[in-house]
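Per TrEMBL, transmembrane segment is recorded for 76-96, 108-129, 166-188, 208-225, 237-255, 275-294, 315-340, 360-378, 406-423, 435-454, 484-505, 517-538.
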Amino acid sequence: MAFGDKLTHRFHKSSDASTGAASVEEYSTSIHEKSDKSAIGKFLDKIAVQEEKGLSVSQTFLFNFDLRPVESARRVWSWFNYVFFWIADSFNINTWQIAATGVQAGMSWWTCWLSVWVGYFLCGIFVTISARVGIYYHVSFPVSCRSSFGVFGSIWPVFNRVVMSCVWYGVQGYIGGTTMALMLRSIFGNDLNTRIPDGISSPNVTTFEFLSFFLFWLFSLPFIWLEPHKVRHLFTVKSYVVPVAGIAFLVWTIKKANGIGPIVKQPSTIHGSEFAWEFIRMVMNSLANFATLITNAPDFSRFSKTKKSAKWAQLFSIPLCFSITSLIGILVSSASTVIYGETYWSPIDVLGRFLDNYNSGNRAGVFFISLAFALAQLGTNISANSLSAGTDATALFPKYITIRRGGYICAAVGLAICPWELLSSSNKFTTYLSAYSVFLSAIFGVIFADYYIVKRGWLILTDLYNAEKTSAYTYWHGINYRAFVAYICGILPNIVGFVGATGAGSVPQGAMYVYDFNFFTGFASSIVVYVLLCYIHPIPGLPTDIKKDLFKKGWYEIYAEVEEFDVSGGVINGEGQEPEEEAIDYYSEEKKV
C-alpha cells in the first residue's frame, strides 16, 4: 500500500466515525439547515471561508485552505528568497535598538558586537531546527504543534503566538511611526511636533507622535493583502533598498564624528562580573528578539521549493545579516556619544538630531533615509507579525479566519494596545523582550522534544486534521497533558527572576542569574520534563520501534509530496517517500481499528 493510499484510507475511516450511520453529505446538510433557521446562522454562513464541503463540526475547527499542507505549486521559495527574507527582516530599527542597548549599558562597540554574533548564531541554529517540520511536511506552526500539544491543546501555543504578533505589530508600527515623523518634519519644518497642539495626556506620546504612528499604520494596510507565497517580492525590494540606506546613514554619522577613530576607541565602562553578565544579557536579548520567529518558523519553511532551500540559507544568513545590521546600530550609537555627548540607543533619535541644522541637504538626506527605514519597518512588520499572526490565527477559527483576515485583525489590535508605553525606555523594552521569551521558549522546548526526541521526525499527516478517537493526536479530549505539564515546568524556573526584572518585588540574586539565561532555562526544562513524561506514560502514534523502546536509535521522517488534500473525502494525491514498513504504527494498541 502506497503512502498516499494509507493516508486516504485513514481519512475514510475518520469520516465514517464522525457521522455515524448518516453519510457525510447528510450530516453537512443538517448542519446547514439548522444554521438557516436564524439570522445569526445566515450571517455566519455569509462570512464563512470554509470551501470544503462535508466537514464534521470538529473538522471545521481544524481545517481550511490556509491550514492545509502546501502543494508544490505554492512551494516557490528558493534559497535566495530566504536570504532576501532575512536581509529584509534584519534591517529594521528594532535590531539596531537592541544592539545599541549594550553600548548604552557601558560595553565597548566590539564586545557588544561579539555578543550579537553569538546571539544571532544561536538564533540561526534554532530557526533551522524549528523550520524542518515545515520543509518535510509542508504544514504551518499551528498544524505541526498539534502533534505535541494535541489537536485542541495546540490552541494555547497558537493563541500565545498570535497575541505576541499583535503586540509586536503595534511596537514595530510605532517605531515605524517615528520614521514617518522625521519625513513630516523634513517637509513641513523641524518644529512641526511643537506646532501641532498636544491633546493626549500620556507622558509617553504626543498628538504629533500618534499622528505619525497612525499614518504609518494606515499606509501598511494594503500590504497585508499580499499572499504568503507572493510577499517574497516585497522582501526582495527591501533587501536592495534598505541596506544601501543603512550604510549611507552609517557613513554620514561617522563623517559627523570626524572619522571612525573616536568611535572605536571608546572603552568599556563596566568590567569583571558586571561585564560578563551584561554580555550574557545581550546574547539573550538577541534570542528574545527571535523567540517568536523561532517558534513559528514552519509558517515560512513550508513554502520551501526543495529540502535544502530553507536550511543552509537560514543558518548562515541570520547571523550574518543581523550582525551587520547590529554593527550599524552599535557604531551609530557610539558615534552619537562623540557628536552630541549623549548616547542615543535609537538610531532614529540620531537621525532626528541631524535636522538641528535645517538646511536643504540635511532635509533631503533625512527624508530619504527615513523613507528607506519606513520600508524596513513595513517589511519586518509584514513578515514577522501580520503574516505570522494571520497564518496562526487561521487555526483559532478556521471556518471564519483566513491569513488576510488574521493579518487585519493583528493590525487592529496593534493599534489599540498603546505600544508607546512599551518603548518609553530601553530598560522596559529589553525587559519585555525577556518576558515573552520565557513563555515561547517553553513552548518551543515541548515542540522540539516531541518532534526530534520522542517521534524522531515521524508525523501522521492526516491525523493532524482529525479530532476523532482514532487520531493519534487526540490524546485526552484533544489535549496532551504531558505537553502542558512540561510547558509549565519550563516557565517556573524563570518566574522569580521575572518578578525581580519587572520591579514587582525584591528577589534573591541567584534567581536573577537564572533569569538571565531565561531562553535556555525554559527550553531545557520543558524538554527534560516532556521526554520523561513520555517515557513514563507513552503517547500513541509512534513508529513501532520507538513504541517498544523510546530511546532506541532511529529517524523516521518522510518528505510528503502532497498535491491534493481533501480532508472530508480523504483524497491525497502525490508520491511520498515510503517509510520503512516496520516503522509504521498508525494507531496505538488501544485505538487500533
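Backbone N, Cα and C atoms are what each Cβ position is placed from, and that goes for glycine too.
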Which of 76-96, 108-129, 315-340, 435-454, 484-505 contacts the transmembrane segment (166-188) most, counting Cβ pairs under 8 Å: 76-96
CB contact flag for the transmembrane segment (76-96) and the transmembrane segment (315-340), at least three pairs under 8 A: yes
Answer with yes or no whether the transmembrane segment (208-225) touches the transmembrane segment (435-454) by the criterion of at least three Cβ pairs under 8 A, sequence separation 6 or more. no
Residues of the same chain, at least six outside the transmembrane segment (360-378), with any C-beta under 8 angstroms of its C-beta? 88, 91-93, 172-173, 175-176, 179-180, 182-183, 185-187, 216, 219-220, 223, 234, 237-238, 241-242, 244-246, 248-249, 252, 348, 351-352, 354
For the transmembrane segment (484-505), sequence-distant contacts whose Cβ falls under 8 Å of one of its Cβ atoms, 6 or more beyond its ends: 149, 153, 156-157, 431, 434-435, 438-439, 441-443, 445-446, 449, 511-516, 518, 521-523, 525-527, 529-530, 533
